[in-house]
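What Swiss-Prot records for this protein:
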BINDING   ASN10, GLU387  Mg(2+) binding site
BINDING   LYS17, HIS210, LEU211, GLY212, ASN213, GLY214, ASP285, CYS286, ARG287, GLY333, ILE334, GLY335, GLU336, ASN337  ATP binding site
BINDING   ARG91  substrate binding site
ACT_SITE  ASP150  active site, proton donor/acceptor
SITE      HIS182  site 'Transition state stabilizer'
SITE      ARG243  site 'Transition state stabilizer'
Amino acid sequence: MSSKLVLVLNCGSSSLKFAIIDATNGEEHISGLAECFHLPEARIKWKVDGGKQEAALGAGAAHSEALNFIVNTILAQKPALSAQLTAIGHRIVHGGEKFTSSVIVTDDVIQGIKDSIPFAPLHNPAHLIGIAEALKSFPNLADKNVAVFDTAFHQTMPEESYLYALPYSLYKDHGIRRYGAHGTSHFYVSQEAAKILNKPLEELNVITCHLGNGGSVTAVRNGKCVDTSMGLTPLEGLVMGTRSGDLDPAIIFHLHDAMGMSVDQINTLLTKESGLLGLTEVTSDCRYVEDNYATKADAKRAMDVFCHRLAKYIGSYTALMDGRLDAVVFTGGIGENAAMVRELTLDKLGLLGFEIDHERNMAARFGKSGTITKDSSRLALVIPTNEELVIAQDAARLTA
């Protein structure tokens, strides 16, 4: 099978992750991260041929300068690789209801991404910059740019899952509903779980937990998403690094009316100062929480709230499985590495038949997949995610 090299771009508000991946076998030829955009220390790091390199982008540099560097410096050193690029895949955080699957980028698609900016005000504008710069930098691939939406996998949710108990006109007229996030990751690990269990995806019932600085849980029934913990925005649901997740909406009125906080201050509090950071008052890093669980009250407090919330979501989603749950799957930076999070969470779910195997749980870290429960237990798995591969495969498939 001939190679299909795809440039995968993930443009954040202040960073750009990139990789060149062979969609036929998953081989990664180049990968890197440009970060600290709009700051004096803007820089780019990349791996090629097993070696790591780094360079300054110049004070105030952003997406345009980063893509110029990728094209004119990194790829210029690899002309054969550059010549073999067949497509460009773009990760898009929010596609609203318009996009139920990956699509080739057109003017209509660009407009659809713009229309979803209110639901992803930090991410979608950055994605649009990435698309515009890619079209400029690779004119030969102008019709080979593909948008892959984090929300697409969740578009199979039934109405009872995605509607809020608000006036229905807010959904009809303004699109206010649950959309979810991390869909590409939830889809990938569902596929991988089906392979491990030797089942067709359309017969698979799993609960997938993508746990990173942002986190979400998804109920997958017969291979399709039927509910997910993130909502209109990625603020709803689990305790996250700096995000509160679920809370009583009236807290917002109390913060405004009784404590004099502005809407912007409340937004900052809930999105950037809460979660693990808020509970520890030290850090958003789960490694601190895990390392200090036995000795520091702040770490224990944060870990206990985090795992309590996660276990509640897993437990509630078992009600959507039609009487059969094949596995719970952990993925993402925390899901793949924080053995303590997995153990404390599954210990709360003994009623459902989960019993952790300590040795297996400790072995399934740092990029290793595996079963983490005892043979007599209901199954729990660790599966490292690979969103970039899904994006590359979708881009290759749609541009073939």
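Including glycine, each Cβ sits where the backbone N, Cα and C put it.
Secondary structure at GLU336 (ATP binding site), taken from DSSP and collapsed to helix, strand or coil, is helix. Within the same chain, residues at least six positions away from LYS17 (ATP binding site) with a Cβ under 8 Å of its Cβ are LEU9, ASN10, SER31, GLY32, LEU33.
For LEU211 (ATP binding site), the number of other Cβ atoms no farther than 10 Å from its own Cβ, over all displayed protein chains, is 27.
The recorded positions listed here (ASP150, ARG243, ASP285, ARG287, GLU336, GLU387) include ASP150, GLU387 as those with a Cα within 10 A of the Cα of ARG91 (substrate binding site). For the ATP site listed in the record, the two most distant Cα atoms among LYS17, HIS210, LEU211, GLY212, ASN213, GLY214, ASP285, CYS286, ARG287, GLY333, ILE334, GLY335, GLU336, ASN337 lie 23 Å apart. For ASN213 (ATP binding site), the same-chain residues 6+ apart in sequence whose C-beta sits under 8 angstroms from its C-beta are MET240, GLY241, THR242, SER284, GLY333.
Within the set of recorded positions ASP150, ARG243, GLU387, the entry lying nearest in space to ARG287 (ATP binding site) is ARG243 (CA atoms).
Listed recorded positions near HIS182 (site 'Transition state stabilizer'): none (candidates ARG243, ASP285, ILE334, GLU336; Cα-Cα distance within 10 Å). When the recorded positions ASP150, ARG243, GLU387 are compared by Cα distance to ASP285 (ATP binding site), the shortest distance belongs to ARG243. For the recorded positions listed here (ARG91, HIS182, ARG243), the lowest count of other CB atoms within 10 A around the CB belongs to ARG91. The subset of recorded positions (LEU211, ARG243, ILE334) lying with their Cα within 10 Å of the Cα of GLU387 (Mg(2+) binding site) is empty, i.e. none. The CA atom of the residue listed as 'active site, proton donor/acceptor' is located 15 Å away from the CA atom of LEU211 (ATP binding site). All protein chains shown were included, and the count of other CB atoms within 10 Å of the CB of ASP150 (active site, proton donor/acceptor) stands at 26.
Classification of ASN10 (Mg(2+) binding site) by DSSP places it within a strand.
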